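Taking it in order: structure first as structure tokens, then the write-up.
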Amino acid sequence: MKIASNHIQKRRKPYGEILSANKAWAKQMIEQDADYFKHLALGQYPDYLWIGCSDSRVPAAGVSQTEPGELFVHRNIANQVITNDFNLMSVVKYAVDYLHVKHIVVCGHYGCGGVIAAMKNNTDKYLGDWLSGIKEAYKRNSLELDAILDEKEKINRMCEINVERQIEKLASSSLIQKAWKKGKELQLHGWIFDLETGLITPLTEIHNKPKQ
């Protein structure tokens, strides 16, 4: 644990270094393609909306190895889909109806601090309320989870359940249902990222499933 902590400490950039790194990156991109930023400025045409966790170790473009313009991104604590959250739903609306994305990915990660906080019944004024859906899912799946004796495995299974639940909520939302009824080719994907291996594992997938 100390080794990992020290490694993260070494990677921390001072404020000014981030701006310097940006200049170096912009210069490198122009050297590779003089018109790179001219093309980038013309518009965005992503095929994917990524709904992920705010955890600093799980940057959407980094773990998926995508370039600017390929992902439309929304991140929050524990990658929650809360259908009365105007922030999230305005992103989904814009992605589906204006950018015409073909895929929505909800990507969680093992060892998620938000999931752990929910399992411990965190009652913080803001965080506790935000995690209420995970708390409910934890209770609802208590039989399965209580049978897992290893604490790390239990947490990781709950992280998977959390992702699966967000896909279910997204699929049943009025916004996605309307899109499917209009015949939009829209696929929902639930993924989990493993911080210890760097790999993404697909958990669940839903293709055009309007309610009857």
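Using N, Cα and C of the backbone, Cβ positions are placed for all residues, glycine too.
Taken from TrEMBL as is:
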BINDING   Cys53, Asp55, His109, Cys112  Zn(2+) binding site
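Under DSSP, His109 (Zn(2+) binding site) is assigned to a strand (E or B) in the three-state scheme. Counting Cβ atoms from all protein chains shown, Cys112 (Zn(2+) binding site) has 27 others lying within 10 Å of its own Cβ. Proximity of Cys53 (Zn(2+) binding site) to non-local residues of its own chain (separation of 6 or more, Cβ distance below 8 Å) is seen for Arg75, Asn76, Ile77, Ala78, Asn79, Cys107, Gly108, His109, Cys112, Gly114, given in sequence order.
Just so you know, the Cβ of Asp55 (Zn(2+) binding site) picks up 19 other Cβ atoms within 10 Å once every protein chain is counted. Listed in sequence order, the residues Gly52, Ser54, Arg57, Val58, Ala78, Asn79, Gly108, Gly111, Gly113, Gly114, Val115, Cys159, Phe193 complete the 8 Å Cβ shell around the Zn(2+) site centroid, once Cys53, Asp55, His109, Cys112 themselves are left out. His109 (Zn(2+) binding site): 24 other CB atoms within 10 A of its CB, across all protein chains.
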